[in-house]
Amino acid sequence: RQHEAPRRVKRAWVIPPISVSENHKRVPHLLVQIKSDKQQPGGVIYSIKGPGVDEEPLGIFSIDKFSGKVFLNAMLDREENDRYRLRAFALDLGGATLEDPTDLEIIVVDQNDNRPLFRQDVFTGRVVEGAEPGTCVMTVDATDADDPDTDNAALRYSILEQGAAGMFSINATTGEICTARPGLDRETMGVYNLTVQAADMSGDGLTTTAMAVIYLEDINDNPPEFTKEEFSMEVEEQAAGVDVGKVFVHDKDLAGSPGWLAKFTILEGDPEGSFAIRTDPHTNDGVLSVVKPLDHEVRDRFELTVSVQNERPLEPSAPASPRALATVRVRVRDVNEAPVFRENPRRISVLEGTPPGTAITTYTASDPDTHQIQTLSYALLYDPADWLQLDPHAGTVRTKRELLHPSAFLQGGWYIALLLARDDAEPPLSATGTLSIEILEVNDHAPQLQPPAGVLCGRPGRGGTLLLGATDDDRPPHGAPFHFQLSPQHPQLTRNWSIARFNVTHAVLAVLAELPEGPYSLPLLLRDSGTPPREQQQLLNVSVCHCGRDGTCLDGVLAAATAGAGITLGALMIILGSTILLLVLAALGAARVRGRRRALRKGLLQRSRDDMRDNILNYDEQGGGEEDQDAYDINQLRHPELFSPRAKPPLRRDAPLSSGTPLVPRKLPSSPSDIEDFINEGLEAADSDPSVPPYDTALIYDYEGSGSVASPLSSIVSSLTDEDQDYDYLSEWGPRFRRLADLYG
């Protein structure tokens with residue numbers, strides 16, 4: 001394949017790039033003249049297109065269409081457009097293209113018209129105090145809008161101001177800030193403010209500045225120190241859990257940091273551990289407190305050696321503190337102290353029955369205030385049985401009355417009393433002592449035979465024995481075991497009877513020979529095990545019964561014997577007769593009450609059914625209220641002849657005892673409709689009686705009581721007409737009021 005030869009382009013139509021400086025102020029400015037080789041007789045028309053001509057930004061470039069001269073019409077800014085690429089055209093007068101379009105490139109030459117700019121106004125960095133030289137802290141950086149390929153954007157950094165110490169340096173090319181020398185101390189200067197500069201043209205052009213703030217971080221390079229070598233404090237004796245005072249320290253490290261917090265220790269002067277010291281978290285001072293009560297009479301002053309150090313260990317480079325120890329002197333102030341019963345409670349023993357006035361103990365207290373002259377007095381604070389009397393000055397306790405046992409005031413054989421000891425200081429203080437008195441048992445009671453009578457079969461062997469027992473009011477060891485024996489004064493008893501021990505409280509009486517039936521009295525001697533033992537002779541009433549085949553007493557004989565031994569038959573009959581009589585009287589009373597109620601209901605029901613009272617309902621007597629048990633009897637309206645003056649009138653509770661009765665008997669109404677006239681006549685008769693107040697004798701009411709839930713009868717006539725009354729509630733009273741509900745509802 002044959003290769004086409006490249007088309008030859010004339011040099012005159014190839015336009016090299018054109019350079020023009022930005023910010024050129026003389027406009028219009030001729031940039032270049034283009035010319036085509038194909039000249040026509042009528043001439044060539046030139047034109048250009050592209051950014052700056054017919055594209056944004058418009059109007060920057062123009063061309064003379066006849067001469068081909070290209071002009072700059074406005075100032076250029078390289079930072080906006082660093083070059084423009086245009087197209088040039090050559091046409092004849094008819095508009096036909098004479099040559100192919102060619103490129104026209106205009107390059108904007110940079111000028112140093114932009115200052116460097118730091119990325120932020122203030123740069124912040126941190127470095128620990130005492131850092132070695134060369135420790136980098138931060139990097140500051142700036143930018144320049146000029147051409148980076150020229151010196152216009154070649155930046156150099158420097159520190160304009162950092163104080164007289166010159167502790168930091170900056171890398172001129174990278175802007176990295178590092179420590180320049182040792183000796184950074186936060187306690188001397190905690191913050192460094194550096195003024196840094198950036199300049200273009202390699203440091204010789206335009207400049208700008210910013211701030212670099214460097215904070216020094218604290219390390220524990222300063223030990224805490226007491227503000228002085230000695231501290232003095234004072235505290236009252238017997239005070240515990242109170243603060244005595246503070247020891248003050250100073251630490252140069254950052255307040256609140258672990259290298260600042262102090263820790264205190266009591267090294268010497270407190271062998272009993274009476275004091276404690278803690279750190280105040282707000283002030284870092286030491287707070288000394290008392291944890292055990294102090295006694296001025298035992299020790300009136302303390303001299304403590306206290307040390308201080310940080311919670312966090314010191315840095316190895318930190319110097320030792322010459323004031324890490326301090327002396328704290330504490331004086332114990334004397335105050336009035338309450339008396340003390342050294343033996344509390346005091347326990348003593350007293351024999352029961354001790355006569356009144358016997359001194360049983362001297363119970364005194366001591367005053368801890370040995371450096372003060374005070375007098376103690378005593379009083380009985382608690383003596384429930386009023387058994388004791390107390391000497392108010394010597395504290396001697398004596399019996400006021402005989403101490404007896406048993407008693408409701410004894411608790412397990414102990415009597416508890418409380419004594420009060422008081423000093424004469426201002427204000428006086430007191431103490432309470434407990435006196436526990438053991439009432440020792442005395443063997444002052446002989447055993448008693450229980451029971452004193454019994455029944456047994458008079459045949460030796462089976463059935464011829466009786467179990468005997470005894471009781472003793474004394475407590476151990478003055479009671480059981482008991483000793484039973486037949487009276488030595490009657491030796492003949494041993495021929496027919498014998499006593500053998502059963503246990504510590506019982507013995508067995510046995511028949512030795514067959515005895516006839518009948519009562520026997522056996523004198524027995526009973527003795528307890530007290531010290532010394534007490535004994536007493538007692539009679540045992542024994543009934544010998546008729547023996548059955550199995551060796552037991554027959555029932556009839558046993559009942560008679562038991563009655564004779566315990567209670568007589570006559571007494572038993574009297575008791576039974578009295579009981580039967582009471583039951584009969586109660587039955588008669590109940591029958592009489594029921595009869596009266598039955599007669600009342602019969603009298604109410606025998607009237608005509610046309611009577612409005614019977615048409616309502618018939619109820620038993622309910623009373624006027626919860627406390628009214630004597631309601632008015634309506635039979636007075638039905639049978640006034642029964643209640644005439646000839647009969648004894650009922651006693652009225654609302655009238656005087658001397659009230660009279662109507663002078664003329666009242667006439668029975670002829671029909672139920674005359675009931676109103678009947679009542680009015682009774683009212684008039686009562687009003688005409690001068691001996692009584694104007695009470696209506698036909699109506700006898702009782703006090704209804706304050707707890708009645710019924711509404712007053714006056715509410716029925718409280719209105720002038722029935723239309724003003726609401727009787728709907730009658731329908732809620734049940735079926736017995738349905739007739740009234742139909743009439744008035």
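Easy rule for this one: first residue shown is 1, then count along the chain.
In case you wondered, yes, glycine gets a Cβ from its N, Cα and C as well.
Unlike curated records, TrEMBL annotations are generated automatically.
Fair warning: this is a prediction, and the values are worked out from it, not measured in the lab.
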From the ranges 527-555, 614-642, 643-671, grab the one TrEMBL calls region 'Disordered'.
-> 643-671
Answer with yes or no whether the domain 'Cadherin' (119-226) touches the domain 'Cadherin' (342-449) by the criterion of at least three Cβ pairs under 8 A, sequence separation 6 or more.
-> no
Confidence summary for the domain 'Cadherin' (119-226), mean pLDDT rounded = 91
